[in-house]
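The next block holds one structure in the form of C-alpha cells; read it before the comments.
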Amino acid sequence: MKVLVAVKRVIDYNVKVRVKPDNTGVDLANVKMAMNPFCEIAVEEAVRLKEKGVASEIVVVSIGPKAAQEQIRTALALGADRGIHIETDEEVQSLEAAKLLKAVVEKEEPKLVILGKQSIDSDNNQTGQMLAALTGMGQGTFASEVVVDGEKVNVTREVDGGLMTVALNLPAVVTTDLRLNEPRYASLPNIMKAKKKPLDAMSPADLGVEITPRLSTLKVEAPASRQAGVKVADVAELVDKLKNEAKVI
Amino acid sequence: MSILVIAEHDNSSLKQATLNVVAAAKAIGGDIDVLVAGENVGAIAEAAAKAEGVTKVLVADNAVYGHFLAENLGELVAEIGKGYSHILTSAGTTGKDFMPRVAALLDVAQVSDIIRVESADTFVRPIYAGNAIATVKASDSIKVITVRPTGFDPVAAEGGSASVEQLDVVKDAGLSSFVGEEKAVSDRPDLASAGIVISGGRGMQNGDNFKMLEQVADLMGAAVGASRAAVDAGFVPNDMQVGQTGKIVAPQLYVAVGISGAIQHLAGMSDSKVIVAINKDEEAPIFQVADYGLVADLFEAVPQFEEELKKVL
C-alpha cells in the first residue's frame with residue numbers, strides 16, 4: 001500500500017527562539033532550519049512499515065518556500081521514494097495546508113497518511129485532523145503504536161491519563177507522538193542516492209487551492225520572564241518559607 | 001453573541017477544565033450553552049447546569065459518543081455549533097482530537113490553546129513552546145477555539161441553574177471504533193488541575209525512587225509529575241510528563257526535584273504561582289525560575305522535606 005507523509009520545514013529545535021524587536025514575529029534570519037521533529041517520526045514510521053513489507057511506496061510532501069526541498073531530500077535519504085513540493089512563499093495556515101494535502105491525497109490515493117501531531121513553530125496541532133475531516137477519513141492522533149491489519153489500522157493513542165486504542169478503516173490519517181519510534185540518521189550513501197530520487201514541484205494554484213489566511217497575527221511578544229528567587233540553606237528553611245512567606249502549604 | 005462550550009468529562013464526572021473554558025467564554029461575553037456529549041451523562045449534565053454563567057445545557061447521550069471518537073464528535077459539534085458565534089473546548093487530548101475536525105467541516109480556522117481573550121475576535125496564545133506569545137485575530141464568522149485551562153480561573157461549580165435540553169442527534173461516521181484503553185489508576189488529584197504538583201527528573205535515577213515523591217505528594221494532597229528526561233529514561237509513564245509535549249500545569253505550588261529545567265519543561269510549568277527547585281547542581285537552569293531553590297542531594301533532601309512537612313501539616 002502507498003503511504004503519504006507530510007513534512008514541515010521549521011526552526012531547528014535546538015535554536016533559541018528570539019522575538020523580533022518590532023514585535024512582528026520571531027527572528028528567522030540566518031537561523032538553522034530543519035525538519036519538524038514530529039515529522040521525522042512520521043517519516044521513520046513510514047520507512048518501518050516499508051521494511052516490514054506493509055508499505056510499498058512512500059511519497060513525501062512538503063508545503064513551503066523553495067528551501068523546503070531540503071527537508072524533502074532529507075526524507076528521501078531516510079527512505080521515502082518520491083517527493084512532492086508545493087511551493088509558496090506565503091504563510092500557509094492549517095486549514096489551507098489541509099486543503100492542499102487533500103488535493104494531493106485525491107491525486108495519489110494513499111492508504112495511509114502520516115503527519116506529525118504538531119509543528120514546533122506554530123504549535124497548532126490541527127492539520128492532520130483537518131485533513132482527515134476534509135477527506136472523510138478516520139484519524140488516529142498522538143500515536144504511540146500503529147499496526148496495519150488488513151483493511152484496518154489499529155492506532156494506540158497517548159491521551160490524558162493513559163493510552164487508548166482505536167481501529168480505523170483504511171484509508172486513514174495518523175499523527176505521531178514522541179514515543180512512536182526513534183528516527184534514524186540518514187547515511188551518506190543514502191543522502192547521495194536521495195539526490196537522484198524524483199521530486200515534483202507544483203504551486204497551490206496547480207492544485208486548485210487558493211491561499212486565504214483566516215487568522216492574522218497582530219503582534220508577537222516575548223513571554224513575561226520569571227525572576228529567580230532566593231536560595232534557602234536547608235529543608236527546614238524551605239518549609240518555613242512555604243508556610244509563612246508564600247503561604248502555599 | 002452566543003457561545004457553545006463542549007464539556008470535557010469521562011462519562012462519570014465533569015472535568016474542572018470545563019469550568020475554566022466557561023470562564024474563557026464569559027471573557028468573550030454572550031449567552032453560554034454547554035454541550036455534554038457522551039454515554040449515560042445525565043449526572044454530568046446536571047453538574048454542568050450548576051456552573052456559574054451557563055444559560056442552557058444540551059445533552060447528546062448515546063453510545064456513539066461514549067469513547068469520544070473524533071469522527072463522531074466532529075460531526076455532532078459541527079452541526080450543533082453552526083448556530084453559534086464561538087465554539088470552545090478545553091485543549092486536552094480529547095479537544096485537540098475532535099475540534100480541528102469541527103473547524104474543517106465548518107470551513108473555518110481554529111485558534112488553538114488560547115491563554116487570554118482580548119476581544120470577541122482577538123485571542124492570545126503561546127507559540128514556539130511558549131518562547132513567544134502571539135496575539136491573533138480571527139476573521140471567520142464562527143470562531144473555533146481550544147482553551148488552555150490554566151489561562152483562566154474557573155467559574156464557580158455551584159450556584160447556576162441552567163435549563164437542560166436533550167438532543168436527538170446521533171452521528172456515527174462509521175470510520176472508527178474503540179478497541180481498548182489503559183488508564184493510569186491513581187487516588188491522587190489530576191495532574192492538570194492539582195493545586196500542588198511535585199515532579200521528578202532524571203536526577204531521580206529510577207522509577208522506584210519516585211515512591212519518595214509519592215509519599216510527599218500524599219502528605220500534601222499533590223499530584224506527581226515528571227520531566228521528559230524521566231519519561232524518556234523509562235522511569236515513569238508518559239501521561240505524567242509536564243512540558244511542551246506533555247501536560248501544561250499552573251498549580252499554586254510546583255516542586256521540581258532533580259529536574260535541570262530544560263526549556264521544554266519550563267514551557268509546561270512556569271506559570272505556577274510558587275516554584276521550588278531541589279537540585280544538587282547549583283548551575284541548573286531551573287533555579288532561574290524558582291522562587292525557592294535548595295542546592296542539595298535530593299536523596300537526603302526529599303526525606304527531610306517529608307519529615308518537616310509532617311511537623312507543620
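Glycine is treated like the rest: Cβ placed from N, Cα and C.
Here TrEMBL flags B:3-182 as domain 'Electron transfer flavoprotein alpha/beta-subunit N-terminal'. The FAD binding site annotation in TrEMBL covers B:ARG202, B:227-228, B:241-245, B:258-265, B:ASN279.
Each of the binding-site residues B:GLN241, B:GLN244 was scored by other CB atoms within 10 A of its CB, and the lowest score goes to B:GLN244.
For the domain 'Electron transfer flavoprotein alpha/beta-subunit N-terminal' (B:3-182), the predicted model reports an average pLDDT of 97. Highest Cβ count within 10 Å among the binding-site residues B:ARG202, B:HIS265: B:HIS265.
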